[in-house]
Amino acid sequence: MEKKLTTAAGIPYAHHEDSQSVGQRGPLLLQDFILHEKLAHFTRERIPERVVHAKGSGAYGSLTITNDISAYTRAKVFNAIGKTTKLFIRFSLVAGEKGSSETERDPRGFAMKFYTEDGNWDLVGNNTPIFFIKDGKKFPDFIHSEKRDPYTNLKSPTMAWDFFSLNPESLHQVMFLMSDRGTPYGYRHMHGFGSHTFSLINAKNERTWVKFHFKTQQGIKNFTDAEAALEKSVDLDFAQRDLLTAIDRGEFPKWDMKIQVMTEAQAETYAFNPFDLTKTWSHKEFPLIDVGVVELNENPKNYHAAVEQSAFAPAHVVDGIGYSPDRVLQARILSYPDAQRYRLGVNYEDIPVNRCPYMVNNYQRDGLMVTGDNGGSEPNYFPNSFDNIQPDPAYTEPALQLNSNVVDTFDRNAPGENDHYTQPGIFFRETLSDELRLSLVANVVKAMKGIEGPKKMEIINRQLCHFFRADIGLGMQVARGLEVDVSLFTQPH
Ligand code: HEM
């Protein structure tokens, strides 16, 4: 059926391509409102891109529960085997802008929104179980060092390695990044991680610490550095194309959701700070427990409406799931809604992809771009004598025992805190295959060859020290690759 062309206000009109003019060759008329509406809307099409994770892809799907974890959590999303909850996932790259290549060496974002009966639960993780920093106060500095140099406006290996070498807590994540896991083959062939330690609260109001894992059923597949570079030269949008077309073909990607749990008592005595985001928990001591299966099965009808406007927040946990004292998580709790109020406006939770499909009862009203009924004629203050909306004490979490001293300076010398080397050494020796070890060394050497300027040798030597401390063989191989005199590192000092 033919449809009539209309203005945004629904007014049908006759001429879409010709502007109104004075005669055939004269100037245009101010009254041509449709010309003005078209141009004015066009010039406002861009919204601020995310300050990090600007380039991404998203899809809808579901989580289906396959195992009973009610001993640990009362969260309704997990409360029955076979239960299915709708979700939306946005994958992304971190440092590049919206137009950048999707085969760059970079961690990948793995942000999940579960539309649960108790509100939207956002698990905003990455494809790595760890991160570059263990305190959120370092995040802007870290990201600045990854983005463009303020003078040259170019990406700068000098800035990146300067930051890494001055922040040895980054080493574990740097090793992941420099392995072939830093260039995954799109988004379907990588694992996902909640990364932080969170908490689970059960029906008896008991707390357990937890880490979330998502194991790809498609199998891990990575580009080598050379393959990634080649793909970049032919397709900047490899990962978007791969995800979109797989779902369009009916090949729905799946991940097995699993958890690791640690009791509060175990956390007291664990060798490392269990809330340190630069460390993993031993899988031998804390084995993976099955939870369910995540499947992506529906491409959004419109990219901008759903993917670009999606907003995830580590702050959004639902009853039965809680935070932990992880210093990066704590910083993230504040930062995301703040970013989204700037990027999308104060009513961003009402955008369909972000809207809770179940009840939303509160007294927030008005502001820019109200698109729902704004609470209708219901009271807009609390307490009131009319609506009987009540806070429910059943949602109270158990108290968390804390040392009450306010600490301004984190004790980086506390036991285990400044051991930045044990786990990266294990990762190099035990997790990576011979082939992946070789490519890691080659990738590091190639990346560090980009360091330049008067501080070049200072930065290289400082970073080499970290590699040596993780594994002497690793240090030697990188030093040789960079043609650095290794006697500096092998002499007793
Ligand atoms: C996006 C801040 C650490 C994963 C963002 C955004 C901000 C931000 C402001 C853009 C949000 C938006 O505009 O919607 C921070 C800060 C951090 C931090 C301040 C440290 C204190 C992390 C960590 C992870 C992570 C540790 C993973 C474990 C993500 C992901 C996105 C994102 C996946 C993209 C979400 C999406 O797809 O919309 N971050 N971030 N971030 N961050 Fe972080």
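Placement of Cβ uses the backbone N, Cα and C atoms for every residue, glycine included.
Note that TrEMBL annotation is computational and uncurated.
Going by TrEMBL, these are the annotated features:
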| type | residues | note |
| --- | --- | --- |
| ACT_SITE | HIS53 | active site |
| ACT_SITE | ASN126 | active site |
| BINDING | TYR336 | heme binding site |
| DOMAIN | 6-390 | domain 'Catalase core' |
| REGION | 1-20 | region 'Disordered' |
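Projection of TrEMBL feature records onto the structure.
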residue	record	contacts (Cβ under 8 Å, 6+ apart)
HIS53	active site	SER92, LEU93, VAL94, GLY109, ALA111
ASN126	active site	VAL94, PRO107, ARG108, GLY109, PHE110, GLY192, PHE193, SER195
TYR336	heme binding site	VAL124, ALA311, PHE312, ALA313, PRO314, ALA315
Which state, by DSSP, holds the residue listed as 'heme binding site': helix, strand or coil? helix
Helix, strand and coil residue totals from DSSP for the region 'Disordered' (1-20) stand at 0 helix, 2 strand, 18 coil
